[in-house]
Amino acid sequence: MAKTLYEKVWDSHVVVAPEGEAPIIYVDRHLVHEVTSPQAFSGVKVAGRQLRAPQKTFATMDHNTSTTSASLDALSPMARTQVETLEQNCKEFGVRLYDIHHKNQGIVHVMGPELGITLPGTVIVCGDSHTATHGAFGALAFGIGTSEVEHVMATQTLRQLKAKTMKIEVRGHVASGITAKDIVLAIIGKIGMDGGTGYVVEFCGEAIEALSMEGRMTVCNMAIEMGAKAGMIAPDATTAEYLEGREFSPKGESWSQAVAAWEQLKTDEGAVFDASVVLDAIDIAPQLTWGTNPGQVVAIDQLVPNPLDATNSTVRSSIEKALEYVDLTAGTLMTDVSINKVFIGSCTNSRIEDLRAAAVHAKGRKVADGVKAIVVPGSGLVKEQAEAEGLDKIFTDAGFEWRLPGCSMCLAMNDDKLEAGDRCASTSNRNFEGRQGRGSRTHLVSPAMAAAAAVAGHFVDIRKPY
């Protein structure tokens, strides 16, 4: 029977499927961080258990770490407790830890792939909703809750219902300057923030195949923002080229065998999806959100929506509420919207390709008066590479702040947060009310769009001179 990519990975990981019950699937990689793991480790201790497969568990510190200092003294009391607790738990249970002093420390969804921990055909879980990022490699990756984190620690398995399948095809090629972030925001704009609910989405089409691994990770990262359980892209030569030689990638004869196996990880001809969506790549312009969820998005040359144009009262009410919160007027040109904060970073857009794209717009320019802009590399390796290329100097010469790796301003959990009334051009993944700080307004954009907004002081169409 013809199978989709998701069905192939799922079927190969089902341990047992009792009649009338959710199947139990095997987990190949378990990623943990300081925020969602303490209670799970405690549960394992109380039960008198050990970790089932500590060698398949990888930990880092990212959500609550400081991006201005690697010292524990820079952390709040709560953050310090979380960081120190993770260190103690990893030592006690034999888990590999990339702490704040490790050269490879970084955002879990950045450092996992760059170390080769993420591999095609595997099942990967983490106590973080953006675990879908790893699906860019043809892995089945999704976020889990703290009780499930404990279950995986104890058994290396998870009870899961099988999801429905959705194909999202982006046909043709994008215009010059259009990025993976624009593609995925356009997708969410088309199907809505709940259009993928109940599905595992496979992204395909010429525009997806043309993306680098960094770009594919951006797309899969935001699968959760369309409501999907996970997002996947079939592995190909681009995938193998990225993974070859990385620390945890197969070596020698095992590498050849792995690549041969990965070549089979594609949806069979004739496989049937439960739902399908098609976009024409050439129609995608630079995107940015205007409201309070990722589905409230428009192209840079479009206007802030008018509630009176809504198709029903529910949509009208949603638009009205969002406009009130973000303090925008219907009919406003997005290029007339000013910003005072810029954040370039997060597990969506903090890789070397993202920083290079942003640096193009920062080079030889200055951050506009009244704007604070920070650049936060996603990992120690990204930071090292960027500095070797001189990107840090381009940013600092332009007036951007160059920071240490971490989740930073993506969420109002650490010291990098917005104040009430701030309006931020952000390369992160969520623009919910208060996401970056109580009373703050977030506009999701690509790294290039964020850097351009920083120097202009307002959103600009990067396809035109500014």
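Heads up, the Cβ atoms here are built off N, Cα and C, so glycines get one too.
Summarising the annotation, Swiss-Prot assigns [4Fe-4S] cluster binding site to Cys347, Cys407, Cys410.
Compute the center of the Cβ atoms of Cys347, Cys407, Cys410, which mark the site for [4Fe-4S] cluster; besides them, the chain residues with Cβ within 8 Å of that center are Asp62, His63, Ile107, His109, His130, Gly345, Ser346, Thr348, Ser350, Gly406, Ser408, Leu411, Ser428, Asn429. Cys410 ([4Fe-4S] cluster binding site) counts 29 other C-beta atoms within 10 Å of its own C-beta, drawing on all protein chains shown. Long-range C-beta contacts of Cys347 ([4Fe-4S] cluster binding site), restricted to its own chain and to partners at least six residues apart, with a cutoff below 8 Å, comprise Ile107, Val108, His109, Val110, His130, Thr133, Asn221, Gly378, Cys407, Cys410, Asn429.
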